[in-house]
Amino acid sequence: MTPRAVVIGPPGAGKTTVGELLAEAWQLPLRDTDVDVERTAGRSIADLFTTDGEPVFRAMEEEAVAAAVAEHAGVVALGGGAVLSERTRSVLREVPVVFLSVGLAEGARRTGLSTARPLLAGVNPRATFKALLDARLPLYREVATVEVDTDHRSPTEVVEAVRAALTGWGATTGSDHD
Ligand SMILES: Nc1ncnc2c1ncn2[C@@H]1O[C@H](COP(=O)(O)OP(=O)(O)OP(=O)(O)O)[C@@H](O)[C@H]1O
Ligand SMILES: O=C(O)C1=C[C@@H](O)[C@@H](O)[C@H](O)C1
Ligand SMILES: [Mg+2]
């Protein structure tokens, strides 16, 4: 059992939102590894960061991604920083990976209203977001099968663009049946 698609990208790219819509369109279940980690820990991610620190969260995330990619036949949405793990990037080489990109202004806008993202909770979330994009862009691209820009698209339009992009990819691999 391998996922039909694994969705990656920075915070606010819409991994959860688009992952849900994509799963609905394909009539498949969605698995979100942020939710898996919270369930395993019995605590929120924000709590994990504060109490145990980021390395503990990253180790749990690595396990959650490996399990989801091995077990889940639907859509898998990853946490924004999952690609920081080399093991995770290696696991992702075996499956169709959708990189949802978002620019600095729109990403900051979409994440700005939430306090649930511990990495962006500091004094200058916009600068943090820029540093995060700069550091991670090569990693997202390293594992992406397709890249879809979400900046000027509604979630529904993003889903359409993802399906179109994966159909082109599936034509040579046979993995997209629609
Ligand atoms: N294409 C879009 N256009 C406008 N708003 C969007 C779009 N995609 C997502 N959003 C909004 O941006 C916010 C963040 O979306 P979402 O939680 O799906 O992002 P995420 O990539 O899963 O983030 P995280 O890495 O923190 O889990 C939500 O309020 C969502 O409604
Ligand atoms: O970008 C990140 O590093 C994170 C994104 C979220 O999805 C969560 O996985 C967590 O808040 C860390
Ligand atoms: Mg999410």
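Heads up, the Cβ atoms here are built off N, Cα and C, so glycines get one too.
Straight from TrEMBL, the features:
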type: BINDING; residues: Gly12, Ala13, Gly14, Lys15, Thr16, Thr17, Arg117, Arg153; note: ATP binding site
type: BINDING; residues: Thr16; note: Mg(2+) binding site
type: BINDING; residues: Asp34, Arg58, Gly80, Arg136; note: substrate binding site
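The structure, with features from TrEMBL marked on it.
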residue : record                 : DSSP class
Gly12   : ATP binding site       : coil
Thr17   : ATP binding site       : helix
Asp34   : substrate binding site : helix
Arg58   : substrate binding site : helix
Arg136  : substrate binding site : helix
Arg153  : ATP binding site       : coil
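Considering only the binding-site residues Asp34, Arg58, Gly80, Arg136, the residue whose Cα is spatially closest to the Cα of Gly14 (ATP binding site) is Gly80. Taking only the Cα positions, the spacing between Thr17 (ATP binding site) and Asp34 (substrate binding site) is 13 angstrom. A Cα-Cα distance of 9 Å separates Ala13 (ATP binding site) from Gly80 (substrate binding site).
When the binding-site residues Gly12, Ala13, Gly14, Lys15, Asp34, Arg136 are checked against ligand 2, Asp34 have a Cβ within less than 6 Å of one of its atoms. Closeness to ligand 1 is met by Gly12, these being the binding-site residues among Gly12, Arg58, Arg136 whose Cβ falls under 6 Å from the molecule.
The maximum pairwise C-alpha distance among Asp34, Arg58, Gly80, Arg136, the residues recorded as binding substrate, is 18 Å. For Gly12 (ATP binding site), the spatially nearest entry among the binding-site residues Asp34, Arg58, Gly80, Arg136 is Gly80, judged by CA separation.
Checked against ligand 3, the binding-site residues Lys15, Thr17, Arg58 give Lys15 as the ones with a Cβ under 6 Å from it, listed in sequence order. A gap of 19 Å separates the Cα atoms of Arg153 (ATP binding site) and Gly80 (substrate binding site).
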